[in-house]
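Below: one structure, written as structure tokens.
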Amino acid sequence: MSLEPAMTTPDVLRVEVLSEALPYIQRFRGRRVVIKYGGAAMVREDLRDAVFRDVALLASVGVEPVVVHGGGPEINQWLNRLSIEPVFQEGLRVTCPDTMDVVEMVLVGRVNKQIVNGLNRVGGRAVGLSGADGGLVQARTHGDGSLGLVGDVAQVDPSVIIPLLDQGYIPVISSVAPNHEGQPYNINADTVAGELAAAMDAEKLILLTDTPGILRDRDDPESLIDQLSLSEARELIHAGVVAGGMVPKTECCIRALAQGVRAAHILDGRVPHSLLLEVFTNSGIGTMVLGSRQQG
């Protein structure tokens with residue numbers, strides 16, 4: 001009879017997972033990772049909890065996560081309560097002054113605090129900010145102004161969040177920012193995350209979405225492209241393989257990579273713990289686009 005202690009299959013799997021993760025933990029310790037949090041992962045309670053635990057774990061092993069969020073579903077709920085009709089053009093919310101008041105209230109006053117509380121509850125040390133705080137983000141009017149108070153990023157100054165990261169805090173940033181006159185603007189959270197990642201010289205930009213990643217055939221989830229170069233990503237847009245709502249997300253990744261971010265990831269936030277699966281495993285789970293610095 002063997003006197004060696006028995007290990008069950010789940011025990012062995014846990015050890016294998018930890019062993020596989022160790023080189024990635026060592027590699028990314030002290031590196032900055034900007035995470036755009038949105039989609040189903042904000043709506044379903046089980047997915048919210050998984051994201052909070054993933055982000056808190058990243059911070060606990062020495063990675064420096066920054067969370068940027070939108071809050072579309074809750075904004076729509078409040079607009080409906082106030083009898084304000086949500087209007088969209090080309091995927092962007094038309095934002096009149098009344099709508100802007102609701103957007104700011106929901107993103108800064110409600111969603112941001114919910115995320116901060118959720119991260120703190122699972123052991124993180126989160127701090128809530130908006131683009132206005134410390135002059136973090138300055139906005140400018142998007143396009144010709146026909147969408148109202150919809151903005152683009154004019155400037156990013158990450159100096160307010162660097163000391164927070166140095167002290168082990170997790171900055172949580174809502175995508176509302178003022179222009180040079182102090183007028184608040186509603187900015188797409190993907191855009192804010194990408195520009196912030198570039199300004200911070202981040203290791204990674206991660207977009208949590210409601211799709212598996214970039215697909216060669218948008219109707220076939222099995223056609224997931226797990227890795228692309230910067231030039232290949234541009235070619236897929238030009239060829240129409242990347243289309244619809246995936247175009248602005250891919251373009252956001254391309255802009256960030258062109259400004260020095262080493263890798264950008266488009267992940268399925270509907271998969272529990274997709275963040276950890278992508279960052280700390282060999283196979284990953286979504287699409288990774290590599291910048292020229294990473295390829296070199």
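The backbone N, Cα and C atoms fix where each Cβ goes, and this holds for glycine too.
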Among Asn179, Asn186, which residue does Swiss-Prot annotate as binding substrate together with Gly71, Gly72, Arg93?
-> Asn186
Any further residue of that chain within 8 Å (Cβ to the Cβ centroid of Gly71, Gly72, Arg93, Asn186) of the recorded substrate site | Gly70, Ile75, Val103, Val106, Leu107, Ser175
Count of other CB atoms lying within 10 Å of the CB belonging to Arg93 (substrate binding site) | 22
Identify which of the recorded sites Lys36, Lys249 has its Cβ surrounded by the largest number of other Cβ atoms within 10 Å, counting every protein chain shown.
-> Lys36
For Gly71 (substrate binding site), just give me the three-state DSSP call.
-> coil
Where among the binding-site residues Gly71, Gly72 do you find the Cβ with the fewest other Cβ atoms within 10 Å?
-> Gly72
